[in-house]
């Protein structure tokens, strides 16, 4: 009867599977039909396949499946027939069961026949195959039972009767194998013909067992290194292109909702699997319990039926472990490889897209909280280079980079953990019911303790989250500061400020470490609660069970309940942990949401589109416009009834008012004005970068790209006639923005290479000579921000990009300032007026009005916040207003004579020289290196040495071993206690091992062994024995209490001591890296992208701070557990060493493959992250240029490519984890099965106590091996950060800062310079830049250094500061050879006013006097001397030309508390140069080098400054590198350089009087020959008088 009941249940199961399949299949059919109707555009899916891969013939599979299914359907029909005939009336249930079975097989036959019409790779064919596979698997399990029934329960049955059962198991096995191993077809190829990850074409078995990853793992193990080409492309739904559209479709919703919507399918699968696995975690423990009870019942006697039952239990144990492993593998695949990778990529794409659109507001100074002093508030902004205002929510570069590096990571990492919110409560319910069966009501008393601990955990979590917030803030500030320092490293080195900046950054680091220390403290508290609560629960429960209920604590109850408490500990404690992660993710979501909500630039006007459509001429200009950086605090004019203005417009930031003019089309227009008047603001408002507060601005511009395409390629075949696009725009910014690429790539900027146009562009931009000098010609890598080029070369490459472009409208911001007068004239005549630009609309900001006015059609002059003058030059001349702009009328402008034309032609090549394309150019920026193989032992040694002394590690080892020893002692004591209830004759003393209570987070197959001892009921004891029992109970309870309490203390103190050591190591390591980077030669910063250096200081240090201490601790704990387990087992029972060792060998082999693959993938992840950040920071800085050129789509495409390249190693890192986890599940299942079988076969020699003991070790062993290898991999991956940091710590260093030879106090005293045979090379394998210079400079002499761009002027300045060491020759200052001095002594005693003025965020005071060496009055005096403040004595200075009531904007320099934004971007280029000059005036030294220090300043201010220099630096020797001849014409002597050699060195008058001299030609070409010769003569006469 029982057999028929089982048959009914089995048939019922098959029927349920059939019904579910039919229902789901109908839904899938509808879904498939719908999706096939929908056009997937704009999403792209792969269609090409790789037919070179051998794939099984699908027709063969279908034939095999059809035949086997028909055979099994016939057998079920035969069975149905037999049952009906044999049991017509007797047993209707058996008849119904066989009928159901027959119908189910008929259903399978129908599915098989249908699938014959849908061969692979058909989507519907695959769905049918999956349904059949599930059906066949259930049928196979039923066949397995029938085989068991036939051969075990009815062994005497005839063979003929057994034959259908045998056929059934054979065919169903074949069916399961065929459907499970059939792959869907050849692997896909992406658009580039690269192989795609085969997860979408792999078989069911390969999908579940992660076999599709095996080729990659084997490749990594064999090669020990991986390259990007080794990694298959990710499936379509993981690629940047598709994610851009998928995530973009949800815009307008909250960020959290968008993340859920776009990953809904994977999240639902996560939920289903989380429920299944949380129920499954207790299943292996249940089977172990059953096995031990069985052995206890057998009591050493062999019983056939019980043995049979035992084998079923053992087989079920193995199967449950493997199935649980598969389910957990899938759960974590969807959590990490699917959701995590996609969320991270989606967020990065969205942040980048926003960066291309957001109004870049980094320019307006932050508001100062000082309402009393309105001047402080209303100041601050002027031209600004490419950056604009800073609102309250505005983000600095460091913060934006952190959004991408840290916040998107946080959110994606939480997507891995979140399902514990569902899994933990289910585990709690299952575990509690299990406990109730064992312990009755006592279990609730114990669980009550856990509930009381929860608020503590919650409180700690809140502290942790709060501190984490502060830590993030401190880290943001430090990274921003670090970014600024790296951007301004030249300035810091020029002024020998390294030590002071090191101190400032280390103070910022200390603040960060203070918060890190508190998070460590929180971590220790978590460990205390994590370890303490289950121990406390166990104590209370056992006390209640034995003392209050008076029950006996037998071994089965004791060990099973401890197991479950440990499991429950995970469930209870994971909730606060997930809560913390949730809080952190929420903070990050809020930060990203805030960024995404920042203001965006206005889209182009509709009228521009209308003009385009109707083909009307475009218009560039303003219509009654007021423009500014910020809407904040802006009030418009208020008029009374008579339309009189009663209140002027006011704003807290800089504005330009009442702009009403139009620039003429196809002509050259000029914008002029004094330094800081707002010229750049005017131009940026045309580009849409500034805010139109009132009125309107007209200018054609392209909208920011909203679409991307997978095959985005710029057309390479453009008809020269169609080259110029009437509505396109080009922009050359004042601070030339260049990409980290070759010169050619920068000029082409994504356009096709047209040789004739390209060569012409090089010629008109005077770049051809420079390219001759560069060994690699136009293929020369120019480094980040064009750092290897001089200022003039950068400006000309930036101009060349605009000239080469297809734009009809070209806006140029002060491109002539950065070049010398000679080149400026060439650019004006050959470029601005040349054939390439002739018919274009050109708008030029310039101080060279006199040079440019002749051929310009329109002029706008800005003064005092208004366009005070505008019109054609003729109109302005007639009204007499032109003379206000330029000193003299047009008559003083020289008409070029034939002779002059000849001079220019002489100095320029007649035809452009072609760049040499033959050999492969040298890369300036080397590809980032990455180590291969294991992390070197010396790195571990270096880090452990930093953490603590040998004594420190002795204490740590004692704590590690003590804690593990107490774990074992604790279990041994429980065994003794439970043993005390048993009769003496049965005593056995064995140590019982329990999973370490201090174990890390939950193992993959989370279950505990249940250890059981024989327990015979004893006869009723006499009453007086009760007292002895009570004493005995108290004794055991108190000792147990003591052991556990000591264990909690020691277990927690391990973490506390290590964290304490790690804090010190983190500080020391950072300080060392910082020092080494500060002392690195300048060449290092030229050849290493800032993103790469910043990556070390941000991401790598975050890993060192947050991961290494925990990874190190977990690694040591896990391996101590593994080693002690093996030692204990081999000591107690040597026979079990064989399965343990064999499993260890297999696991170590698997582990070695896993480690080598994981390590390589982690390194690739680190290396591919750097270009992502470099591109990102480059975009943030150059966003105005990118938008102006309409190149946003091109940059978005590049970013998607970088994101894909970075996502690949990240995806495979997690998939390889899954690959290894399911294999460990299999070895775990096998070892447990073997162990169970050995125990059953040795049952005569083995009691329950010994069996339980052996099982307790062997069962956990695979888990421990898995976690040991995982912990080792995590440690290796984290130490990859140390490896990268140490790589930078071992780079070349500059000469020492201090040497034995210290200069005398106040050196140099007189300022004489002797240069002998000076030769300079940038590196040993390059040609010399300066070739044997010899000259001497007398004390207090003023020397002007001139020469065309690239002649070696700036290199000469660098050599005085030993940024480039002389390969030959010497520089002697006041009798001391500078190479004998320390660099700090040398640089701190010289002064340089560099070409690129650098300011740091803070206030004016912190910039002028970073280290509090001067009084405020001294600083104000310096500001007056550079004319940033009006002179108190005179009223005729430039700054006070306009009366105050006319001033729209107040003077920002009146308060030293005026804020300075990152990079000083809230000041114009000219103002920044003047601030640097003022800083140099404060540091009065005997030798001053000026490197084009006033290039961006208007001529009037320049003249005034030259006067200041001549008086303030009267006692100093000056070497001034100048582009403007006016700057140096009154100097004592002029040094003319050409191609690294001195060609002339004499007084200006001597040189200008010699018509053969190069200086004479320069003066002639400048267009200001008469005024120059007059100034030279007046100086000469003054000298004569003095003589």
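Each Cβ is built from the backbone N, Cα and C atoms, and glycine gets one as well.
Record features (TrEMBL):
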COMPBIAS  371-392  compositional bias 'Basic and acidic residues'
DOMAIN    266-584  domain 'ABC transmembrane type-1'
DOMAIN    640-889  domain 'ABC transporter'
DOMAIN    954-1277  domain 'ABC transmembrane type-1'
DOMAIN    1315-1564  domain 'ABC transporter'
REGION    371-398  region 'Disordered'
TRANSMEM  6-27  transmembrane segment
TRANSMEM  93-114  transmembrane segment
TRANSMEM  126-147  transmembrane segment
TRANSMEM  198-221  transmembrane segment
TRANSMEM  267-289  transmembrane segment
TRANSMEM  310-333  transmembrane segment
TRANSMEM  416-437  transmembrane segment
TRANSMEM  518-543  transmembrane segment
TRANSMEM  942-962  transmembrane segment
TRANSMEM  1135-1155  transmembrane segment
TRANSMEM  1224-1243  transmembrane segment
TRANSMEM  1249-1269  transmembrane segment
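Tertiary proximity for the transmembrane segment (1224-1243) is limited to same-chain residues at least six positions away from its ends with a CB under 8 Å from its CB atoms, namely 284, 291, 295, 298, 300, 302, 307, 310-311, 313-315, 317-319, 321-322, 324-326, 328-329, 1004-1005, 1135-1136, 1139-1140, 1143, 1146-1147, 1150, 1251, 1254-1255, 1258-1259, 1261-1263, 1265-1266. Taking residue pairs at least 6 apart in sequence, the transmembrane segment (198-221) and the transmembrane segment (1135-1155) share three or more C-beta contacts under 8 angstroms. Across 126-147, 198-221, 267-289, 518-543, the stretch most heavily in contact with the transmembrane segment (310-333), judged by Cβ pairs under 8 Å, is 267-289. Among the listed stretches 6-27, 198-221, 267-289, 518-543, 942-962, the one sharing the most Cβ pairs under 8 Å with the transmembrane segment (126-147) is 6-27. Below 8 angstroms of C-beta separation, residues 1050, 1053-1054, 1057-1058, 1061-1062, 1064-1065, 1068-1069, 1108, 1116-1117, 1120, 1279, 1282, 1286 of the same chain, each at least six residues beyond the ends of the transmembrane segment (942-962), sit close to that stretch.
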